[in-house]
Amino acid sequence: MATAEFTAEELALAQPEKPDDATIEAWYMDDSDEDQRLPHKLSPNQPCPLSALRDLGVLYWKLDADKHETDPRLAAIRKVYNYSYTEIVNISKDTLPDYEAKIKSFYLEHIHSDDEIRYILDGSGYFDVRDHSDRWIRIATRKGDLLVLPEGIYHRFTLDTDNYTKAMRLFVGAPVWTPHNRPQEEHPSRAKYLDKFPAPIKASA
């Protein structure tokens, strides 16, 4: 982004949360095949800090969802990151036809050829991402959470046991819906992701 296009105030407002200040909760998942809507925490729990998510390219903001239509911080984020298209969706048993099948389809591991940007206006849900060791990290999103998953990261989504979320979906330009289910190691977006967010080099023994 060309910073000259934005005011200092806009750039400051658009800054993602600092890892030390963030309130979002994330953890490494167990390998249970129980209901996907359960927390799936290890015992004992192994939290994942926002700093580790940032290393994977995940960005996070905590906003005031009750004023999303007039929020200057959301406006600054949209301007700086060029999120020009938005729509609001309600996902629940009452609003989503063939709910159980759709929820299972959201849970198939996939990548996109664009960033996935979601702002939770009400309700809650889980976004799961793979780390560089192929472990699943579960990110609990609640009202006011704005999450960006980078192009090419393996991920999936599910509601939790409350079975309800209202979210704003944001896009750069025209919306892109196509999921590319794993494996996608030869996909240009996967290669781009691995180049931009490489796995850390392990020290030799």
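Glycine residues also receive a Cβ, built from the backbone N, Cα and C atoms like all the rest.
Taken verbatim from TrEMBL:
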BINDING   His110, His112, Glu116, His155  Ni(2+) binding site
BINDING   His110, His112, Glu116, His155  Fe(2+) binding site
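Where TrEMBL records a feature, it is marked here on the structure.
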| residue | record | CB count, 10 Å |
| --- | --- | --- |
| His110 | Ni(2+) binding site | 19 |
| His112 | Ni(2+) binding site | 20 |
| Glu116 | Ni(2+) binding site | 21 |
| His155 | Ni(2+) binding site | 23 |
8 Å Cβ shell about His110, His112, Glu116, His155 centroid, Ni(2+) site members excluded:
Ile111, Leu149, Ile153, Tyr154, Arg156, Pro179
